[in-house]
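**Q** Dropping a structure here in structure tokens format, bear with me for questions.
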């Protein structure tokens with residue numbers, strides 16, 4: 001049952017209780033008036049108001065236990081007729097009690113500089129919250145990456161609700177917006193320690209290696225944060241804190257959330273919609289060396305770009321070999337064929353959650369010819385609506401993130417950071433359908449279909465059969481000891497945090 005349905009159910013139940021209790025009280029009071037003429041009308045009104053108020057307070061308390069909501073006032077699953085309810089819920093101001101502050105002996109201060117795109121940084125922030133809590137240190141609001149390919153100058157407060165971040169986690173860890181003045185002076189004088197922590201580390205590494213440095217220098221700066229905490233073999237309470245930071249602590253700014261609500265409302269007014277994370281931007285193709293379907297000029301342009309960034313270590317890449325291994329994003333042509341084979345209705349709205357597609361309309365034509373209702377945020381909103389996040393790729397990505405969470409189906413064409421983090425968040429919201437494409441299988445089938453070795457019926461049936469169990473449902477993570485890059489990513493499937501959802505759905509975790 002989605003949250004909107006729960007809201008209606010509880011509201012009807014509440015009204016029934018009020019009616020029953022109200023009638024009972026009034027009947028008794030009327031009898032009392034007959035027997036005792038001294039009872040006055042104002043007492044009836046006072047008791048009725050008191051009763052209604054107590055019921056309302058109870059309802060609010062129950063409402064706060066329903067779990068996280070994606071956007072303020074939104075249900076976690078949608079029908080297009082739900083919006084009057086959503087509006088009514090939004091109009092009810094609720095004062096949420098803050099958790100009590102956790103009192104602990106502070107061992108020092110942890111500064112972190114996140115690297116990568118929005119979703120890589122999002123996961124890293126959750127890891128840093130957990131690490132700071134475990135070491136009993138004070139976390140300084142993380143610094144976001146401003147020097148990578150995206151060159152986005154956004155600060156933490158430009159993307160996330162920083163006050164909510166601090167207050168919602170204060171019963172676990174102390175978070176400050178900046179260092180105290182005396183420690184700022186130490187940092188200016190260089191009296192602190194900076195380092196990149198080892199990737200995929202467990203908690204004993206932070207306890208034995210990092211904590212002594214914090215105690216010695218008072219301030220430690222971690223200048224790399226991507227995948228610095230292991231996927232597995234961590235205590236359950238550690239994993240659950242990672243989830244709490246991700247699903248409750250990190251909330252986008254009101255401006256981004258409001259814009260997200262507007263886009264989803266526009267889409268919902270026309271029916272269901274699918275979000276396609278078409279990872280076919282120039283930077284992705286240049287970095288990965290994937291140029292299938294590109295012309296000679298485009299291949300040379302992508303190669304030049306790859307050599308222009310020295311921190312992109314791999315330079316000589318066999319594009320076709322990489323594609324056959326399933327390591328390339330699907331092209332727009334391959335994507336159109338795959339969606340058709342999966343049985344996606346050609347009239348469904350497809351929202352493209354991505355930057356500028358390489359090759360523009362020429363490459364998108366293969367997709368729009370089959371699925372004519374392809375839209376983007378730029379086509380749904382006026383340019384003035386997006387002006388505040390223009391040239392801020394992380395803020396644009398935050399908007400796409402929100403819309404991806406609320407879609408009926410989410411389909412990423414490449415299994416990058418956004419695909420993984422959104423998949424895990426959609427699992428948390430009730431195992432919402434996310435199609436994890438098997439690219440290695442798909443390119444093999446697509447090539448055989450183009451070569452005439454497979455009929456459409458066989459091609460489509462095979463694609464559907466192999467993806468029937470790749471829809472974002474309950475399952476355990478694949479664990480590969482000593483090979484963290486090859487095993488399932490924690491944030492794509494945080495199953496330690498989903499046990500209640502499994503039980504409510506009558507499902508058990510399947511071994512993979």
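Including glycine, each Cβ sits where the backbone N, Cα and C put it.
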**Q** Examine the ranges 41-63, 64-86 and name the one recorded by Swiss-Prot as transmembrane segment.
**A** 41-63
**Q** Ranking the glycosylation sites 202, 391 by other Cβ atoms within 10 Å, which is at the bottom?
**A** 391
**Q** Out of 136, 202, 223, 391, the glycosylation sites in the record, which is closest to residue 279 (substrate binding site) when you go by Cα distance?
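**A** Checking each of 136, 202, 223, 391 against residue 279 (substrate binding site), the shortest Cα distance is to 391.
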**Q** To the nearest whole angstrom, what is the C-alpha distance linking residue 277 (substrate binding site) and residue 391 (N-linked glycosylation site)?
**A** 20
**Q** Cβ-Cβ under 8 Å from residue 136 (N-linked glycosylation site), same chain, 6 or more residues apart: which ones?
**A** 104, 105, 106, 107
**Q** Applying the rule Cβ within 8 Å of the centroid of the Cβ atoms of 277, 278, 279, what extra residues of the same chain belong around the substrate site?
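**A** Neighbours found: 276, 280, 329, 352, 353, 354, 412, 413, 414, 418, 419.
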**Q** Taking the Cβ of residue 278 (substrate binding site) as the centre, how many other Cβ atoms fall within a 10 Å radius?
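**A** Looking across every protein chain shown, the total is 26.
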**Q** According to DSSP, does residue 279 (substrate binding site) sit in a helix, a strand, or coil?
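**A** Going by the DSSP assignment, residue 279 (substrate binding site) belongs to neither helix nor strand, so it counts as coil.
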**Q** To the nearest whole angstrom, state the Cα distance for the pair residue 278 (substrate binding site) and residue 391 (N-linked glycosylation site).
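**A** Between the alpha carbons of residue 278 (substrate binding site) and residue 391 (N-linked glycosylation site) there are 20 Å.
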